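If you check TrEMBL, you get these features:
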{"type": "BINDING", "residues": "A:HIS52, A:HIS100, A:ASP189, A:HIS193", "note": "Mn(2+) binding site"}
{"type": "DOMAIN", "residues": "A:27-108", "note": "domain 'Manganese/iron superoxide dismutase N-terminal'"}
{"type": "DOMAIN", "residues": "A:118-221", "note": "domain 'Manganese/iron superoxide dismutase C-terminal'"}
Amino acid sequence: MALRHLLTKNTLATQPLGILGFRRVQTFSLPDLPYDYGALEPAISGEIMQLHHQKHHQTYITNYNKALEQLDDAMTKGDASTVVKLQSAIKFNGGGHVNHSIFWKNLAPIREGGGEPPKGSLGWAIDNNFGSLEALIQKMNADGAALQGSGWVWLGVDKELNSLVVETTGNQDPLVTKGPSLVPLLGIDVWEHAYYLQYKNVRPDYLKNIWKVMNWKYASEVYAKEFPES
Amino acid sequence: MVVANATTGIASPLKCALSLSQGFQGSTRRLQWRKNERQCVRKAGQGVITAKFDLKPPPYPLDALEPHMSRETFEYHWGKHHRTYVDNLNKQIAGTELDGMTLEDIVVVTYNKGDLLPPFNNAAQVWNHDFFWESMKPSGGGKPAGELLDLINRDFGSFEEFVKEFKTAAATQFGSGWAWLVYKANRLEVGNAENPLPSDEDKKLVVVKSPNAVNPLVWDYFPLLTVDVWEHAYYLDYQNRRPDYLSIFMEKLVSWEAVSSRLDSAKARATEREREEERKKNEEEENGTANSEAVEMYLESDDAVSD
């Protein structure tokens, strides 16, 4: 049997597997924001960005790491019911980590191109699928406002059909839960923690303003990677 | 609270049907609920009874729970969120079959066994928030007494154990939702199952949690206490620190008087319901209208026919 080495920056307690050596679980850490907390003002306040990043996202990562460790333990022991029981914690917290990692890249300060509409192949695809950029924004805002409870509204691309889609997911479900071939281009967090301190109950205002700091460059890059221009 | 406005004339029966259609928009599944507008339109001069729900204020001033729950929170939570649920509910039910029903009935009907109809979110959230304000009081917290405390000790081991279980449920309700203490009377976990040998031991206090607008009325439980764990309930005062909010809620805000009085009425309703079910069962036996058994033929002589 081969030795398994999973090297990681933050190692958890190791479990010796007899003569086969150590087994380590890959852990995750909070990615840095590519801009200062206050850089997205006035669209999103620095207070929200700091809490959102340092508290909410960090908590998802902490709990995800914990769940992974428990999962590893249960798998090693062949404890099937614990493995299954952990799936919701992994979905919640892992999904939270995945989604927020994308979200920080979806946003950019205005002086770094935030809000600049997409050009090139993505711009063309948006016009093709939705009629216009305004129509897309209107749809995402309507769907985001109508979402009950906590969740996300996404612009995604269907890898297989090369079509753009607008989808919502509940809680921290990643976009892929709506379709295995869906790739997220932009996600807007509509959990109340994403806007409450600034916009209170007026989620539609948050949705209107977030487009001023939307990082279309990132979305275009992801799209171009899936469909390189010939 | 339902306010009925009757205009002059004789009220004609409401014949509005709820017509449901499930449409697909893109790849998102949406329930499109059409009001059968033609049947619901009333011409001027005909009698119409309309019912409207009011935004009930909390039973204390908006700053009465400071510093544990701020006035500012109430201004938004009650003044905006709760108010919007009420306004939108009234708009949604106007002129439909639901107009005139009690709020609890609307909640259960629109829950639709989990296939939620559009008014459910608003109806349930109106009910939930009324119930939540009344679950709290100024200088609340502490411990319950009397029969409530006895039942808590019996069903949770101790008051401390109950608090721990309640706070854990509230802390682990992922996303938006509520945590509840309920009185469960002879209801099994599965919706359509019947308890074959109901006994007093089946009646117990239970902690449950629910997502978004769902509440234990839809599971046929009697709610006794709730805490709102939607982020809007605590974000202004506690930001991400939900566990701190929950501790303060238990220590400083819970109105045990409200919980005790709800327990009394829950027990009374449970007993009443048992009597009603017993009565119905006896009626069925006498009339020979057993549900799944073959219909017995009775001779005219009135002699009891026994198998």
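Heads up, the Cβ atoms here are built off N, Cα and C, so glycines get one too.
Packing around A:HIS193 (Mn(2+) binding site) is summarised by its Cβ count: 18 other Cβ atoms lie within 10 angstroms of its Cβ, all protein chains included.
Across the range of the domain 'Manganese/iron superoxide dismutase N-terminal' (A:27-108), the DSSP-based residue counts are 62 helix, 1 strand, 19 coil. With a threshold of 8 Å between Cβ atoms, the binding-site residues A:HIS52, A:HIS100, A:ASP189, A:HIS193 that neighbour chain B are A:HIS193.
Apart from A:HIS52, A:HIS100, A:ASP189, A:HIS193, the residues listed for Mn(2+), the same chain places the Cβ atoms of A:HIS53, A:HIS56, A:HIS57, A:PHE103, A:TRP191, A:ALA194 within 8 Å of the centroid of those Cβ atoms. Counting every protein chain shown, the number of other Cβ atoms lying within 10 Å of the Cβ of A:ASP189 (Mn(2+) binding site) is 24. When the domain 'Manganese/iron superoxide dismutase C-terminal' (A:118-221) is classified with DSSP, helix, strand and coil residues number 53 helix, 25 strand, 26 coil. Within 10 Å of the C-beta of A:HIS100 (Mn(2+) binding site) we count 24 further C-beta atoms, all protein chains included. When pLDDT values are averaged over the domain 'Manganese/iron superoxide dismutase C-terminal' (A:118-221), the model yields 97. Within the same chain, residues at least six positions away from A:HIS52 (Mn(2+) binding site) with a Cβ under 8 Å of its Cβ are A:HIS100, A:ASP189, A:HIS193, A:ALA194.
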